[in-house]
Amino acid sequence: RSGAKLIAPLGSLVSRQKHTLPDLPYDYGALEPHINAEIMQLHHSKHHATYVNNLNVVEEKYKEALAKGDVTAQVSLQPALKFNGGGHINHTIFWTNLSPNGGGEPKGELMDAIKHDFGSFANFKEKLTAVSVGVQGSGWGWLGYNKEQGRLQIAACANQDPLQGTTGLIPLLGIDVWEHAYYLQYKNVRPDYLKAIWNVINWENVSSRYATCKK
């Protein structure tokens, strides 16, 4: 009997779909002049694609370790799972958080919540920018939703640590501050990149994420 119970979850692991690189919802050059086409092409077709490929490889190894009951191997694979899985999760959100028709300010419920939790949109923008500029090395600045407390929260994550998996906050808006996200255009001047990115933030996407997590 216990054998039969084990087969089901392993079977579902065996039949799992491989992760794939999502299409960009716009052309590589669509965010110019704020983020140039060369950056977008490298970032999407090379960097994000690498996370996806590595995630598939790691999951395959993890599946084997589970099947063997090899806990040591499972534990040793977890950093790679977190890094590549986080890279895939984070970038999948990031592409939709940006739009050639973006910029300006959000409307409706999200704007009300921003004013309530940060005092004003300008104050929120300043805080998220400061947190993103202040990330040491590589990482992300985030606007997340704290479901338990029912409020918006700003956080920074190192490397590719996914926001929800590491802080419990639901991701609404992520700003990639890895050098590969801006170096070709802005060199080492991260604040200039952060100033520019506000012109392409897709507030409709951020608002719909907010509406979904409040349900």
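Here the Cβ of each residue, glycine as well, is placed from N, Cα and C on the backbone.
Look at TrEMBL and you will find 18-99 tagged as domain 'Manganese/iron superoxide dismutase N-terminal'.
The Mn(2+) binding site annotation in TrEMBL covers HIS43, HIS91, ASP176, HIS180.
Annotation source TrEMBL lists domain 'Manganese/iron superoxide dismutase C-terminal' at 106-209. Applying DSSP to the domain 'Manganese/iron superoxide dismutase C-terminal' (106-209) sorts its residues as follows: 54 helix, 24 strand, 26 coil.
Ranking the binding-site residues HIS43, HIS91, HIS180 by how many other Cβ atoms lie within 10 angstroms of each Cβ puts HIS180 at the bottom. Contacts of ASP176 (Mn(2+) binding site) defined by a Cβ separation under 8 A and a same-chain sequence distance of 6+ are given as HIS43, ASN90, HIS91, PHE94, TRP140, in order along the sequence.
Neighbouring residues of the recorded Mn(2+) site, listed in sequence order and excluding HIS43, HIS91, ASP176, HIS180, comprise HIS44, HIS47, HIS48, PHE94, TRP178, ALA181 (Cβ within 8 Å of the Cβ centroid).
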